[in-house]
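Colleague: One structure coming up, written as C-alpha cells, with questions to follow.
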Amino acid sequence: MNKASAMLIMIAILFGAGFYSAGSLKLENMPDVSFPYMVVSTAYSASPEDVMSQVSKPIEDKIANVEGIETISSTSSDTGSEVMVKFTQGVDLDQKKQDLDSLIQGVPIPMEASRPIVSTLGFASIPAYYLAVYADKGMSQSDLDNLYKSEMKSGFSSVKGVDHIDTIGARRTSLDIELKADALNAYGLAPADVTAAIQASLASGTVGTIKLDGNTQMVRVTGELDSIYSLNHLELVSSQGQSLTLKDLAEIKAVTESEFISRVDGKPAIGINLYKTQTANAVEFSNETNSLLEKWELAHPNITFKKVYDSADEVRESISGLLREGIIGVVLASLIILLFLRNIRMTAIVLVSIPLSILITFIMMNYLGLTLNVMSLGGIFISVGRIVDDSIVVIENIYTNLQKAKERNQSVLLLAVSQVSMAITSSTLVTVGVFLPIAFVSGMIGEFFRPFALTVACALMASLLVALTVIPLMAKLMVLRGVNLGTHNEEETGRTAAFYEKILTWCLNHRIKTLLLSGIVFVVTLFITIPSLAVNNMSDGEAGRQLSFTIKLPYNTSIESSDAQSKQVENLLKQAKDDQGNPIFNFTESLVGYGGTDKQLPYMVQINTELNDDADAKAIKEQYKALILAELPKGTEVTPDSLSSGGGGLGSTDFSYVLSGDNQKMLEQAAAQVKAKIKQFPELKNIKDTLGDAKTQVIATVSQTKAKRFGLSTSAIQNTVRSWIEQTEMGSIRFDNILYTVEVQLSSADKDSIQQLGKIPLRTSSGDIVYLNEVAKIEKVEAPIALQREKQKQVVSITASIDSPDKAAVSSKVAAALDAIELPEGVSSSAGGVTDEIAKNFSQLFVSMGAAIAIVYLIMVLCFGNASTPFAILFSLPLAVIGGLLGLLISREAINITSLIGFMMLIGIVVTNAIVLLDRAQQLMKGGYDVRHALLEAGRVRLRPIIMTAGATIVAMIPLALGLSHGTLISKGLAVVVIGGLTTSTILTLVVVPVIYELLDSIRKKLFRRSSSDKGQEPREEKSLDM
C-alpha cells in the first residue's frame, strides 16, 4: 500500500494481459479429450467368417502383447474388419499408435484386403463443420461435380486448421468394362487374362535417362490408351492363338455415379465433412469457412450451400449462455453485498475482485495450455460466488474497523487485513486442495473434469491474491479519508446478532441435545432422499436443434429400394407442421447407402435435419421415430440422435449384456432369449444386437476328392472364382480432359444365379476346363451379418438405451431378470453399460472425496497449528450433505458425476465459514477470552461476513442451477448441490461447530485434569484449546 502508483500500474498490466489471454485461448465446445481407444480398420469383401479368421484374428494375435492394452474386441462383417483396442488410461497414445502401425504391417492377411489403418478416437475425430452443396437455377450436377473438384476441394483444403475432408455424394466418372461370360468361354479366356492385358497397356513410368543435345533427359514409356476407341481395339490373343480385340469380349461405357445418394430438400447434393486439427480454434475455423462460402455464393449464384452442422455454433451458444448466467450471478451477488454493507463505494471495491480475478484466471489458463470450453468456462462461473468471498471478508472487516476507529489511517487497514488474512488464506487453500485429487483420477472422468478443476483452482488463487493486495489498496484510495461511511448502527446490526447469540448460548448450554438433533436431521434426510433420488452416470445431453435419423432397413434391401424408402421419410418430414402451422423441420438432407464409412451399405439411410426454434427436440425425436417406423418395412431400425460434438455421456451404452461362447448357434439362441426378455421392459428402447439381421450367403463347398482328381486346390479355385465375380480397379486414364477410373467386372447378368456361378470355368493342371459345379456344392444359407470377438472369444452383445431418469435402477432390474434365464450350455453372460460405468466412476470419486477431506484437514492443521480445531471444523461437512441431497430432491436432479463434483466442491466451500468463525475465536482467546465468551463474540462479529459470503455464493449460482441456457450440462447439478449444501451448512455451522469446539475443549480439560491428578500436580487453568 506504500507504493500505490506501482500497484495501479501492475493492475492495469494484469487487465491488459488478461484481455490478451482471453483472446488467445482456443475456443472449443468440449475439452479435447483423447479416449484411450484405437481402431484397426481393414476393408475386405468376404464372408464374416473368413474376415474373422483371415483378418481380425491374425491382427488380434499380433497386437495382444502390446504393453498397456486393457481389452481387445473385434467386429467382422462382409465389408471388412474393425479391431477395437482399449488402453489403460494415461498411456502415451501417440507412441501406442506407432507401435500398432509397426506391428500390423507384418500381419499375414489376404492380398485383396486393404492395408490396415490405425485411428484414434476423441472429440477431435468428429467433423467440425458439415455442409451440403447443390446445383440450382439451371446448373447441371456434372458441372457441380467439376466445380467441386476444380475449385471447392482445394478451397476447403486451404482453410486454416483443416485436417482432412470427406465427401458424400460426389460423383466420379469411370470406364466400366463389362465382360461377357459366353465370349470369354468361347475364346478360352478368363477375366484375369483380360485385366492383365489392360494393366500392361496402362503401364507407364520412367525407365532411365539419356544424354540428348548435351543435356541429361529423363525417358518415360507410356501406353497408347487415350480414348474409348483405343480401349475397344486393344488387341488380345485367345487360348487357341486367335487375334481379337477387347470389344469382342466386353462392352465399354463411361459412367458417372456416386457411391452414395445424397439429397437436400429433394435435390441431388454433395455432402462435405470438414475435420479440423487438434490445435485449431473451432470458432476461427468456422469463421474462415463461412467467409469462404460467402465468397463462393457471390461468385456462383446458381449454387446453394446448406450448413447442416457447425460445432462452433455450440461453442458460441454455450459460451454466450454461460456468460449471460454468470453476469446475472454477479449482479445478484452485488445486490447481496450492497444489502449488507449499504455502502456503494465498499460494494464497488468488492466487485473489482470479480473481473480482475477472472482475467488473472485467463492468464493462468493460457500458461497451462487450457482451452475455453463448456468445462473450463463452467468452472469460472461456478467460482464467481466463491471468488468474492475472500474480498467480502477483507472489506467487511475493514469496514467494521474503520467505523470503530477513532482515527482513520493505514494502520487500521493493515490491522483489519491481518485479522482475517490467515482465515481467508487457509479457507482458499482448502478449497483449492479439494480439487487436487481430481487431477489424479484415472479414466474419462479425470480427463473430462481436469480442465474444470484446474480452472476453479486458478480462479480461487487469483481471488486470494486480489483480496490480500488489491482490495486493501482500493480501500485506501476510495474510503480511507474524507468519505462518510455512516455511523455504526449498533441497534440495527445488533438485533440479528443478539438473536443469534441467544440461540448459540442455548445450544452451548445443551450441547448433547444440539448434536443429537443435528444427527437426527442428518439421518432423516438420508432416509428420505437416498431412496427417492435417481442415480445416473451423467446428465442426459441437451438435445440440440440439429438432428439425425439413422435408418437401418432389412439387410437385403437394395440401394434403389432404400432410396425409395428415404423419399417417403423426406416427404413425411417436409409435411410436418407444429400447432401454429409452421414447418417443424427447416430442411432435410438424405444420405442413402451411407453408414459412416466410405463403403456403400445399401440398407443404410441417414437423414439430417434442423428443427425450428420453438420445437421440443427431445419430444420430436421420439415422436418422429415412431412415425418413420410406421412408414417403413417390418424389421427396420430407426435411431434418432443429435448432431453434436459433445453429448451428455462419458461412458458406453445405457445397457449392455454380453454373451460369450465357442458355438455360434448357441450364441444366437441365447441372444434370442435375452432379446425376448428385454422387450418386456418398456423403459428399454433401441434394442439391438451385434448379430444384426440374418443374411443370405452363397457357399461353394469344394469336394477335396474331386478337386484333387483335376489337380486343383481350394485356394486356386478361390482365386479363380474371385476373379470372375469381383470388380477389379485397373487405375486411371485421362482423355478429353476427363480422368476416368478403369473398372473391369463380369456382366451382372452373368452372375445373378447359382446356376451361372456353377458355370465358372476352372483350368486344370493339364490345361483342360472343368466347371465350378463339378467340384463344389453351391447353396444358399442364412448367416449373421457380423461376428464379434472380445478377449479373443466369440461374443454377441445386446444393447439398449434406457428411457428413465433412474438408469441405474432400471439397469440393475433388467440384469437381475436376465441372470435368471437358463442359457444354452457353453454360453456365459455379463451385464454392462451404465451400471458398470457408475460403479467405476463413483468409486473413483468417493476415493477422491476421501483424499480431499484428508488434504483439507492437513491444510487446516498446518494453518491452525493444532489438530483439534480442524477436527471440529470437519463436522460442518455432514451438515452440507443435508442441503445438497434436499436440493437434488427438490430440483428432481439425479445423483450423478456432476452432482458428486458439487459435493466435492462443498468440502472446500463449507469449511470456509467454520474457519472464519473459529479463527476469530482463537484470536480472542489469545487475547484473554475464555472459550465460551470467545465463541459468542466471534459469532457476533463474524455473523455478517459469513452470511454475506454464503449469500453471495448462493445467489451467484442460482442462474446456473436454473439451467435456462444451452451449455449448463456440467453446471446445473453441481450448482444445485452447492446451493442446497451451503444453505444448510451455513445455518447449522453457526451453532454446531461452536458446540463441537467447546465440547472437545471440555473433554481435553477433563483429560488434562485427570492426568495432572494422577501425577499429583495442581491442574493449570486452560483458557482455550490452543494455549
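Just so you know, glycine gets a Cβ as well, placed from its N, Cα and C.
Per TrEMBL, transmembrane segment is recorded for 322-341, 348-368, 411-440, 452-475, 515-535, 845-864, 871-891, 897-918, 943-962, 974-1000. According to TrEMBL, the domain 'SSD' annotation covers 351-477.
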Colleague: Restricting to the same chain and to residues at least six past its boundaries, which positions have a Cβ under 8 Å from a Cβ of the transmembrane segment (411-440)?
Modeller: 1, 386, 389-390, 393-394, 397-398, 400-402, 405, 446, 449-450, 452-454, 456-457, 460-461, 463-464, 467-468, 472, 475-476, 480, 847-849, 851-852, 855-856, 859-860, 863-864, 901, 904-905, 907-909, 911-912, 915-916, 919-920, 923
Colleague: So what's near the transmembrane segment (943-962) in sequence-distant terms, Cβ-Cβ under 8 Å and 6+ beyond its ends?
Modeller: 322, 324-326, 328-330, 332-333, 335-337, 340-341, 378, 381-382, 384-386, 388-389, 392-393, 396-397, 493, 496-497, 500, 891, 909, 912-913, 916-917, 968, 971-972, 974-976, 978-979, 982-983, 986, 990
Colleague: Can at least 3 Cβ pairs under 8 A be found between the transmembrane segment (871-891) and the transmembrane segment (348-368), with each pair 6 or more apart in sequence?
Modeller: no
Colleague: Does the transmembrane segment (515-535) reach the transmembrane segment (974-1000) with at least 3 CB pairs under 8 A, where each pair is 6 or more residues apart?
Modeller: yes
Colleague: Grab the same-chain neighbours of the transmembrane segment (348-368) for me: Cβ-Cβ under 8 Å, and only residues 6 or more beyond its ends, written as numbers and ranges.
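Modeller: For the transmembrane segment (348-368), the nonlocal Cβ contacts are 11, 14-15, 17-19, 21-22, 24-25, 330, 333-334, 337, 376, 380, 384, 387-388, 390-392, 395, 454-455, 458-459, 461-463, 465-467, 470-471, 474-475, 478-479.
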Colleague: Which residues of the same chain, at least 6 past either end of the transmembrane segment (322-341), have a Cβ under 8 Å from a Cβ in it?
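Modeller: Non-local partners: 347, 350-351, 354, 374, 377-378, 380-381, 384-385, 388, 392, 395-396, 399, 944, 947-948, 951-953, 955-960, 962, 964-965, 967-968, 971.
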Colleague: I'd like the per-state residue tally for the domain 'SSD' (351-477) from DSSP, helix first, then strand, then coil.
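Modeller: Helix/strand/coil tally for the domain 'SSD' (351-477): 112 helix, 1 strand, 14 coil.
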Colleague: Averaged over the domain 'SSD' (351-477), what pLDDT does the prediction give?
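Modeller: Mean pLDDT across the domain 'SSD' (351-477) comes out at 83.
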